[in-house]
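Chemist: The following feature annotations were taken from TrEMBL:
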SIGNAL    1-25  signal peptide
TRANSMEM  220-242  transmembrane segment
TRANSMEM  286-310  transmembrane segment
TRANSMEM  322-345  transmembrane segment
TRANSMEM  357-381  transmembrane segment
TRANSMEM  387-409  transmembrane segment
TRANSMEM  444-466  transmembrane segment
TRANSMEM  478-504  transmembrane segment
TRANSMEM  516-536  transmembrane segment
TRANSMEM  548-570  transmembrane segment
Amino acid sequence: MGSSRWKVAAAAFLTIVSFLLTVDADEHEHTYTDKEEVVLWMNTVGPYHNRQETYKYFSLPFCAGSKKTISHYHETLGEALQGVELEFSGLDIKFKEEVMQTTYCEIDLDKAKRDAFVYAIKNHYWYQMYIDDLPIWGIVGEADENGEDHYLWTYKKLEIGFNGNRIVDVNLTSEGKVKLVPNTRIAMSYSVKWKKSDVKFEDRFDKYLDPSFFQHRIHWFSIFNSFMMVIFLVGLVSMILMRTLRKDYARYSKEEEMDDMDRDLGDEYGWKQVHGDVFRPSSHPLIFSSLIGSGCQIFSVSLIVIIVAMVEDLYTERGSMLSTAIFVYAATSPVNGYFGGSLYAKQGGRRWIKQMFIGAFMIPAMVCGTAFFINFIAIYYHASRAIPFGTMVAVCCICFFVILPLNLVGTILGRNLSGQPNFPCRVNAVPRPIPEKKWFMEPAVIVCLGGILPFGSIFIEMYFIFTSFWAYKIYYVYGFMMLVLVILCIVTVCVTIVCTYFLLNAEDYRWQWTSFLSAASTAVYVYMYSFYYYFFKTKMYGLFQTSFYFGYMAVFSTALGIMCGAVGYMGTSAFVRKIYTNVKID
């Protein structure tokens, strides 16, 4: 019985891994012989201003061509999660074989079908198609100036460019404007023209990129501005803070040379006074260590995926970015277990299995919970974004058969290799009372102010990322993204170190959560900016698009906050350990 279970688990694991590794999302190898079949896939249709609100192409009463048999299509996990709904158009297209204008089907336009087309035209519906993985967009129709009469484009004029035995360019021209009148027959036609092109196969996606948008002067200015902020903050930490620390060291050394009477009469204050409590375990260590482990994993995933995107041009394959992110997240689960498990062990935690489960499922539960909620709305709308049941099962199998075991391995390694509490100072048995301090030195105020500078270093890049996801821009400047990630980490570490120094100098030893939350508060400002972007930079509308936007923006902001919090805490932890190592303590 037990062996059969292991066989089922192994089979599921192999299926999932092969599913994830299938990044090339087409049945072809992108090479053709003369008169070989070329498939025109109809993907989705939806309102122009709501990019994520998409429906199956044939949810509108379009008709398909007469051809029925084609090669088999393989769908990847990323495509299924992104709502890709490829359906065969039924059009007969062969490599280098031109087709004159030909009627491929007719629509019997009754009142219901006319109303469906009129609704689509009023809401600016347009559709997406694919030929050899190259996307093509077309508009359903248009209305006259008065908005009384509505017209449907009935003629798809395809012009396909080829270089040798490869397709390198596709253009669609919509013609044949026909007025929508009930109880009439509308003929749908197409033509195909082939032309030789000098475009290299490797460069065929360049026409979809927008260098004028991403290479805009404000983009370069924002990077320069963030770079100057990094120099300023690093200078602040290395010069002012270290100079202050030298004075503190000198003062503490002088106090060591005093006799007991002079020391009692002296004015003892500063961060040295809390040396017996600074390494005290944080409150709620189980949740705290799970957050740190998850943040380290998110940072690892971000770094690896950006590097892969810089090398591989993932935007050229449907769903490849999401498939890669899921695979990398599953593969980096030991990072989560290692850092979370070791920190929990250092803080004296004993329920390490519970911590491992919480750390392993914290991010997947958040993402899947949000997706599950939005899925109900997508099902109600009959949208293509509704995630199929089989895809849900595949994601759950990844969590239980890949992420959890790897997290367990990382937790065991972390507890055994670096789980010993080797702090430079002993922890007092009784916590020291925290003295009163100025209002602006309270942890709540520090947390609110800590995220302003990190957000200021990335908010311009946030605009470009938002535009590429919520509008019709392909993000391809991953070198910029890598630079911004490095800048964000440096700024976050510098800010949290300064905040922690001021907190400890006020003899408040609650620095663990304060350093994490002050860095994580960047996410609050990002989410607030998403409200501004929604209302002032887009024309989105409707329950589906609104819930999709704010739901996934909440997921993105939370993940960003956990990553920033973990980076801030790790940098601050090294700083705190360093300054207390260099002080002579009785």
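From the backbone N, Cα and C atoms, a Cβ is placed for every residue, glycine too.
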Chemist: Ranking 220-242, 286-310, 322-345, 387-409, 548-570 by the number of C-beta pairs under 8 Å to the transmembrane segment (444-466), which range is first?
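Modeler: Most Cβ pairs under 8 Å with the transmembrane segment (444-466) come from 220-242.
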Chemist: Near the transmembrane segment (548-570), which residues from the same chain, at least 6 beyond its ends, have a CB less than 8 A from one of its CBs?
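Modeler: The answer is 52-53, 291-296, 298-299, 302, 339, 363, 366-367, 370, 373-374, 377, 385, 450-451, 454, 470, 488-489, 492-493, 495-496, 512, 515-524, 526-527, 530, 534, 540.
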Chemist: Considering pairs 6 or more residues apart, do the transmembrane segment (357-381) and the transmembrane segment (286-310) have at least three CB pairs under 8 Å?
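Modeler: Yes, these stretches are in contact.
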Chemist: Find the member of 220-242, 286-310, 322-345, 516-536 that has more C-beta pairs under 8 Å to the transmembrane segment (478-504) than any other listed stretch.
Modeler: 220-242
Chemist: Counting only residues 6 or more past its boundaries, what in the same chain has a CB within less than 8 Å of a CB in the transmembrane segment (286-310)?
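Modeler: Hits for the transmembrane segment (286-310): 321, 324-325, 328-329, 332-333, 335-341, 343-344, 347, 349, 351, 354-355, 358-359, 362-363, 478-479, 481-482, 485, 489, 512-513, 516, 559, 562-567, 569-570.
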Chemist: With a Cβ cut-off under 8 Å, give me the same-chain residues at least six positions beyond the ends of the transmembrane segment (220-242) that come close to it.
Modeler: 453, 456-458, 460-461, 480, 483-484, 487, 490-491, 494-495, 497-498, 501
